[in-house]
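Positions annotated as active site, tele-phosphohistidine intermediate by TrEMBL: 440. If you look up TrEMBL, you'll see 816 marked as active site, proton donor. Residues or ranges marked as substrate binding site in TrEMBL: 547, 603, 730, 751, 752, 753, 754. Per TrEMBL, Mg(2+) binding site is recorded for 730, 754. Taken from TrEMBL, the feature domain 'PEP-utilising enzyme mobile' covers 407-489. If you look up TrEMBL, you'll see 503-855 marked as domain 'PEP-utilising enzyme C-terminal'.
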Ligand code: PEP
Ligand code: MG
């Protein structure tokens, strides 16, 4: 080796470094903090405090690293003072949250021609060569930014591989490979600091929730070599399985290796614990193995977290280089949190805060295996979580036919309407080209727990040709298999492996703890007995919204409903309603039975009538046949019901006042069902909710009629019952005039879907078209149908709540729009003094946990001075 240079000697400044805030030698008492030096540095200090065999480490603060990125040089003498002249060093990133990532570790800094010769004597030529070669390559790629392929031609077992590697470096850079360890270290630090400040890295970590100005710390650690004489090697250990959270010693060890090589080359690596599949560290180095287990257990107890340790064995001696939180999916996160609490390591309330409520979706729905390759066709709005694969069908009828053959299908529509309900029930997933978070497909999909992506406008759906064209030109036809990932909005070609939904005992335990702590109610939006059963299974405290109109789309009711709509006289209408009455009554009896005395809030009929009518000529013809009417009559009636702006037209209470017989029938069905269900079980106190109110007089009119029906039913049946009447606040005016509405009702429930639509003047069915542009350009911070707009819509909620409670302090307040299940909205409603939130049944566990976390956080804040 011709290149031998002098090693720079540094003056010693260890004592100064110990107390320096920016370049800090990690001792048990050194000033190191997560917020200033990052999680890795802080964790290493904790390991040092536990007296674990951690090699000497210096932590660089966020400020110091930022200065390095801007071109300043740190005090290299001080930085290198704690290390011996012979030490090789490694540098690792230390961000505040490990999930925000950071540049990869660089090992063996300080190796040069002179050290190489010493190391050949000390560790053997092969080990020294591998170490020097590794450093030159990482330096070339990460510091000199050379193409990683440039070393591909050099075989690792070639005796000249090091010379070749150095030659390749020097030819490419036209410079000698730096020999001064201080220069090497400075350049490594600079490249890592700058990599963190690059735009791509910033965007990536911002996507994971990091603030724009998140800092990076760096830790410089003396290498424990893992290569050389005696038993040397490196590995990684954790005491649980990352996918299940079950207790299992997991990891690998590779002799004569460094860093995370053991994981990269699993086939050559040893198991840790004795294992029938192959040799293990336990057999090879039992003493080191025992120590390793002991240290990792201690880390779990004292760091109060399931940790993964990176370790090195150097001539039989164990070193713990690093500890990081065990990576985990939601399933494992719950089991880990519960078992830490059950072992008395953390209190229950802390276990509750350790699980991201949204991650619970992973347990409630099947998911695409995160390790599987994804062939993405396009993406849209992730409207209902979970994943499912199936053959493409383009109509509800085809979906039903497919289900009848036992074949999974994905229903693809431009957008869905109530007519598609049966098709949606039959499908494994739904995809729509249009729509947003609160459009029909999204609301129904979430209610049913059906994976759904809406607003996938990058896909072109040709319904007539039965073809979907993806943005890359690929065409998919009816019968082709696709996968809908409703958790992240992807539409995937083919059928990637899915992970099963699983709610195990740990999940149940965590939910029980959540209910012990939470102080806001959680109900479910449930329209059908199946929804109600799901709501009960997820321990909802009642139904907060039963959208009764969905019941009219079931089975043969649609025809009767259409007869009612087409009735020319009040008598004909009464006759049709008479036939609908027993069906509604049966629905309500079933709901009351399933809910076993828990409150059930039934919303009176809401949609415009034309939603129940067919929209195409074939449908008109069928209807004419069914009702025995001339086709022209049907067409004329359908046209007469058509509105320019149906969402702002004859719907909700407006229909209830104009065609009062519908609400009369519904009220009667509710009261008769109340009497019936109370006969067998707990007494039922139904709640009746009036939709789309904007004026006090509307409430007075409906209340008078509902009271009259109640009196009539009491008389006829000779049985008493109570009920509560409430208003759904969905128009800005209802929120503003809550003070005059409240005296007439016992509750207000905020329907934030319509309220958002009307506050913004933004169609909930069409917003998907421009929402992503709006969010990208920062017009809206998020889709307001997805995240409650706490500024505008939220202000209306607050005004409504305050004005309502001012005249009626016992007024029950709730939210039942889709926002009801989101942790941020729950926080808002809780702060505003709401009694409960109501959300899709599958979001109930998410809401229970989110609500518990808020209560726990408040307790902690109150406890702190
Ligand atoms: C709402 O508007 O918030 C609501 C819950 O009602 P729907 O979604 O049925 O209009
Ligand atoms: Mg509404």
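Including glycine, each Cβ sits where the backbone N, Cα and C put it.
Among the recorded positions 440, 730, 753, residues whose Cβ is positioned under 6 Å from ligand 2 are identified as 730, 753. Under DSSP, residue 751 (substrate binding site) is assigned to coil, being neither helix nor strand in the three-state scheme. Cβ proximity to the substrate site centre (mean Cβ of 547, 603, 730, 751, 752, 753, 754, cutoff 8 Å) flags the following additional same-chain residues: 545, 606, 691, 692, 728, 755, 816, 817.
In this model, the domain 'PEP-utilising enzyme mobile' (407-489) carries an average pLDDT of 91. Sorting the domain 'PEP-utilising enzyme mobile' (407-489) by DSSP state (H, G, I as helix; E, B as strand; all else coil) yields 18 helix, 26 strand, 39 coil. Counted within 10 Å of its Cβ, the other Cβ atoms near residue 730 (substrate binding site) come to 27, all protein chains included. Candidate recorded positions: 440, 547, 603. Fewest other C-beta atoms within 10 angstroms, 547.
Long-range Cβ proximity for residue 754 (substrate binding site), meaning a same-chain Cβ under 8 A and a gap of 6 or more residues, is found for 647, 692, 730, 731, 764, 817. Of all the binding-site residues listed here (752, 753), the one with the fewest other CB atoms within 10 A of its own CB is 753. Mapped onto three states, the DSSP output places residue 547 (substrate binding site) in strand.
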